Amino acid sequence: MMWRWSFLLLLLLLRHWALGKPSPDAGPHGQDRVHHGTPLSEAPHDDAHGNFQYDHEAFLGRDVAKEFDKLSPEESQARLGRIVDRMDLAGDSDGWVSLAELRAWIAHTQQRHIRDSVSAAWHTYDTDRDGRVGWEELRNATYGHYEPGEEFHDVEDAETYKKMLARDERRFRVADQDGDSMATREELTAFLHPEEFPHMRDIVVAETLEDLDKNKDGYVQVEEYIADLYSEEPGEEEPAWVQTERQQFREFRDLNKDGRLDGSEVGYWVLPPSQDQPLVEANHLLHESDTDKDGRLSKAEILSNWNMFVGSQATNYGEDLTRHHDEL
């Protein structure tokens with residue numbers, strides 16, 4: 001879910017400039033209300049049918065993968081060659097790309113969108129340019145400036161906004177590990193992307209429960225789970241995918257089979273035990289490209305299997321490519 005942050009940050013800022021307040025229908029700072037760990041790609045992993053989009057986005061990142069799709073095959077391969085050189089240079093510079101170097105590159109790509117979103121937020125929230133983001137700065141930049149006791153006196157549904165503000169402050173206090181009410185860049189990252197930090201796990205679970213537990217009994221019932229995904233229209237037959245979600249709830253979400261999700265089950269759902277996704281993808285790319293089976297990749301091996309690593313398009317590839325590729 002946090003892969004949407006850069007776009008959502010832009011929406012939040014536009015909304016703030018136009019209306020002065022974030023939407024009460026969104027989570028903190030425009031994020032989706034239910035947190036999930038950051039995937040390498042939302043595309044299906046379907047190599048068997050020649051669909052390498054998942055691999056492209058895992059290796060390059062979604063935005064850069066789209067740019068490669070606009071390139072000629074020759075330019076795409078040339079830029080891939082420069083990436084290969086950079087991967088090896090970041091490692092031991094022995095002329096080969098090891099599994100560790102490939103994993104490190106994919107992990108770097110996975111974190112790029114987080115770094116970009118935090119940089120944008122930092123510029124917005126650090127209003128006094130002192131190199132830290134105070135809670136007051138963040139609050140005022142997000143909700144507007146109010147005198148104590150007058151919060152949201154000028155808006156409809158003031159109570160909803162007060163709850164949002166309290167929730168943001170609670171998350172900020174957890175992210176602010178030294179308790180000085182001033183966020184470092186690392187602490188602001190934890191605030192904006194709590195699913196990436198172990199010490200933020202409890203707040204992620206608490207926020208998810210608050211959003212889904214409509215009857216406030218401390219659990220997520222199956223109907224509450226479904227209601228977050230689907231709004232039934234009168235007389236409408238429930239779609240097959242909703243029925244599949246009900247089955248998913250019963251078989252995989254409700255671990256103790258009591259018909260509801262408690263806090264630990266919510267945590268297992270939204271932040272499951274960590275799998276090293278970059279390592280899994282690195283092993284996959286190595287297995288598919290290591291033709292001499294020596295456990296490492298030469299530049300030639302990567303380029304010979306270039307269409308698994310990056311995409312291309314033979315026509316109209318240069319006209320709307322505006323981003324500079326210095327980092328590649």
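Placed from the backbone N, Cα and C atoms, the Cβ positions cover glycine too.
As annotated in Swiss-Prot, motif 'Prevents secretion from ER' covers the listed stretch 325-328 rather than the other ranges in 169-172, 281-284, 325-328. Sequence-distant contacts of the domain 'EF-hand 4' (200-235) (same chain, six or more residues past either end, CB-CB distance under 8 Å): 27-28, 33-35, 167, 170-171, 174-175, 190, 194, 242, 245-246, 249-250, 253-254, 259-263, 266-267, 270-271.
Other Cβ atoms within 10 Å of the Cβ of Asp292 (Ca(2+) 6 binding site) number 9 in total over all chains. Considering only the binding-site residues Asp128, Glu137, Arg296, Asp94 (Ca(2+) 1 binding site) has Arg296 as its nearest partner by CA-CA distance. Taking CA atoms as the reference points, Asn256 (Ca(2+) 5 binding site) and Asp294 (Ca(2+) 6 binding site) are 45 Å apart. Cα distances from Glu101 (Ca(2+) 1 binding site) to the binding-site residues Asp130, Asp254, Asp290, Arg296 are smallest for Arg296.
Asp290 (Ca(2+) 6 binding site) carries neither a helix nor a strand DSSP state and counts as coil. Following the DSSP three-state reduction, the secondary structure of Asp130 (Ca(2+) 2 binding site) is coil.
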